[in-house]
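One structure below.
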């Protein structure tokens with residue numbers, strides 16, 4: 001086991017992150033698990049003031065205030081190493097209320113948006129960078145906001161004739177005392193990623209919806225549970241790179257623990273599905289990406305129902321993870337794009353909206 005203490009310094013007088021220690025247990029294919037440890041304050045920056053003449057200055061924005069903070073920080077470590085290997089000057093910024101001041105102070109050429117969740121994935125940072133006229137990676141304001149909100153993205157999918165599971169929206173103020181839908185069903189927060197807050201309610205579960213406390217906002221989507229195969233498509237700069245299947249090994253659904261712990265799921269890439277279905281997924285994913293006007297990397301999630309072989313779209317993620325267990329880097333590697341080159345392709349697509 002190797003322990004890494006991450007202590008990034010954004011500027012000579014500004015300490016950005018000093019209280020996160022991430023345990024990385026390496027096997028041949030990458031990280032075994034991601035675990036938070038007690039705060040420490042003695043780590044040393046790995047990318048402070050690394051400057052390569054003739055190369056652009058990249059502000060790597062990560063961390064932030066969302067429930068996905070730790071995933072963002074782990075992603076940023078790999079991204080930082082790739083950017084340094086490519087010869088860029090890298091300055092890390094932990095997203096906070098003073099983000100505009102920090103960006104104005106360091107004047108980067110490009111912002112690499114490595115955030116997940118609120119303020120980074122929902123279009124807020126994109127909007128600020130549009131105002132500041134700083135090119136940035138990943139999708140713009142409308143694309144990010146639309147993809148991040150499950151109510152609006154579902155409406156958009158259905159408008160564009162993309163098949164989705166039956167669902168309803170439940171508000172906390174509705175004070176529902178009975179089951180909102182016949183079991184089994186899925187409870188999904190409106191604006192969370194990494195499967196945070198998702199619950200699957202099966203027939204045998206001891207669960208009373210009247211006692212549900214809405215931990216992630218005053219609205220949830222209740223969606224019919226579909227038993228089937230998890231299929232994921234990586235899209236980079238408008239081109240679908242491949243399809244990966246997730247085979248669950250321990251938990252009943254693809255939850256946070258399964259996503260970020262080695263041994264909880266097996267990734268099959270390319271997905272062992274018929275060629276016509278494989279090609280259909282690539283085409284459908286490119287359609288979703290392009291009509292949503294996305295930019296840079298994205299991941300589109302589907303379910304293939306066991307009983308009917310019917311395909312259901314789940315969502316598009318405009319800020320997919322870049323951890324060693326993340327899906328987009330794995331599919332990119334299958335397509336012949338190593339992690340460093342993947343980051344370079346993301347940087348090449350950086351722009352701001354006028």
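Just so you know, glycine gets a Cβ as well, placed from its N, Cα and C.
From a predicted model like this one, the values you see are computed outputs, not experimental measurements.
Noted in Swiss-Prot for the protein shown:
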DOMAIN    154-348  domain 'ATP-grasp'
BINDING   181-232  ATP binding site
BINDING   301, 315  Mg(2+) 1 binding site
BINDING   315, 317  Mg(2+) 2 binding site
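All protein chains included, residue 230 (ATP binding site) registers 19 other Cβ atoms within 10 Å of its own Cβ. Residue 202 (ATP binding site) and residue 315 (Mg(2+) 1 binding site) are 22 Å apart (CA-CA, integer value). The average pLDDT for the domain 'ATP-grasp' (154-348) in the predicted structure is 89. The Cβ neighbour count for residue 216 (ATP binding site), using a 10 Å radius and every protein chain shown, is 17.
Cβ neighbour count for residue 315 (Mg(2+) 1 binding site) (all protein chains, 10 Å cutoff from its Cβ): 19. Take the binding-site residues 202, 209: by the count of other Cβ atoms within 10 Å of each Cβ, the lowest one is 202. Around the Cβ of residue 188 (ATP binding site), a 10 Å sphere holds 22 further Cβ atoms from the protein chains shown.
Cβ neighbour count for residue 317 (Mg(2+) 2 binding site): 22 (other Cβ atoms within 10 Å of its Cβ, all protein chains included). Within 10 Å of the Cβ of residue 301 (Mg(2+) 1 binding site) there are 18 other Cβ atoms, across all protein chains. Its own atom aside, the Cβ of residue 223 (ATP binding site) has 22 Cβ atoms within 10 angstroms in the protein chains shown. Cβ neighbour count for residue 181 (ATP binding site) (all protein chains, 10 Å cutoff from its Cβ): 18. The subset of binding-site residues (181, 209, 230, 301) lying with their Cα within 10 Å of the Cα of residue 317 (Mg(2+) 2 binding site) consists of 301, given in sequence order.
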